[in-house]
């Protein structure tokens with residue numbers, strides 16, 4: 001099959017064919033805003049041509065740094081949160097063995113890529129230190145500013161660990177900072193200490209940054225082919241340029257989401273039938289939620305892992321509130337297949353499946369779920385992908401990025417800012433006693449005591 005295809009055939013009872021056509025003028029306008037820079041947030045559109053217009057010299061430095069880390073480290077600790085975490089984590093999970101972390105070094109062949117700075121759990125940090133043990137390791141700290149609380153705390157911990165193990169000079173040779181090109185606390189410290197540095201481009205927001213050094217260095221260290229990742233994204237960039245809805249499946253997805261949203265389907269479940277796509281949904285949730293959830297509107301992004309979650313969420317999806325729509329990422333060709341074996345006893349009633357490939361069973365489950373859920377009043381869309389490889393992943397990343405950008409403009413918002421994330425941070429800094437936030441902290445404590 002082709003690398004990616006979008007299937008809207010299960011929407012027939014929910015969307016009249018004329019409705020998609022009526023969206024064309026709005027989609028064309030949204031496309032113009034995106035490509036001509038006339039829409040809100042225009043300064044953050046550099047991801048749009050990133051698959052073909054990127055810094056080739058930096059790309060070569062990323063590949064060289066990855067080889068060095070592979071040569072001198074058994075573990076790479078990637079420190080970041082949000083877009084500085086989810087893209088790389090998603091790709092490592094998507095492209096590697098389902099039990100990647102449990103593989104032996106000989107089987108894995110490349111360093112184990114682990115993640116920190118994505119929570120404030122002290123137990124997680126302690127456990128990660130325990131897992132690293134006496135193995136050689138390097139650190140990739142990712143932050144535009146260098147002052148984001150979670151990664152900054154984690155970096156202090158792992159920098160100290162490096163210095164205790166290798167000395168200051170040895171530690172500095174194992175630290176790689178992905179940060180602003182010219183300014184910020186992390187950039188200043190990196191230049192002073194001589195760390196290897198890579199750039200977070202000014203015109204690329206965190207949730208759109210997986211195809212920059214933010215994602216590419218950890219992905220390359222894991223042993224994945226980042227040239228193929230970029231090639232897949234470049235193919236998608238070339239594919240999704242025509243705003244004609246009969247020709248552009250990414251724009252179809254954006255249009256259908258908005259049609260359904262306006263009919264009251266306000267929550268979208270991104271679903272998969274492969275466990276190693278769990279983090280794909282986490283990455284997508286930030287991409288969609290942070291792009292669209294503003295001005296008291298927007299589709300709420302959620303996720304489910306099938307068939308597992310059919311045994312927990314299945315009842316609600318089938319008969320709960322009718323505010324759900326589903327988008328399934330369906331894999332056509334798994335990396336491995338296993339057949340249902342024959343057995344002496346048919347105590348489990350599976351004789352009728354003997355000799356069948358488990359992936360075939362998985363596909364029939366998917367077909368049955370689509371039929372049941374649409375009958376129950378839940379619209380279902382499917383994004384079919386050919387394989388779990390780098391080219392396909394790059395293509396899929398770009399599909400979702402351009403679709404979400406168009407979807408945001410269709411809903412009349414700026415898809416590239418995130419002003420709402422500052423509210424909790426201001427309160428947290430007040431409660432932590434950060435200089436400059438004391439008054440806020442005192443007010444909050446008073447309110448909480450009352």
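Every residue gets a Cβ built from N, Cα and C, even glycine.
Sequence annotations record features per position, and here Swiss-Prot assigns active site, proton donor to 290 based on sequence analysis. Residues annotated as active site in Swiss-Prot, with sequence analysis given as evidence: 311, 425.
Taking the features listed in Swiss-Prot, we show where each one sits on the structure.
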residue: 290; record: active site, proton donor; DSSP (3 states): helix
residue: 311; record: active site; DSSP (3 states): helix
residue: 425; record: active site; DSSP (3 states): helix
Greatest C-beta neighbour count within 10 angstroms, which of the active-site residues 311, 425: 425
Cα-to-Cα gap, residue 425 (active site) vs residue 290 (active site, proton donor), nearest whole Å: 16
Alpha-carbon spacing, residue 311 (active site) to the residue listed as 'active site, proton donor', which is rounded to whole Å: 29
List of residues, in chain order, with Cβ under 8 A from that of residue 290 (active site, proton donor) and at least 6 apart: 82, 207, 418, 421
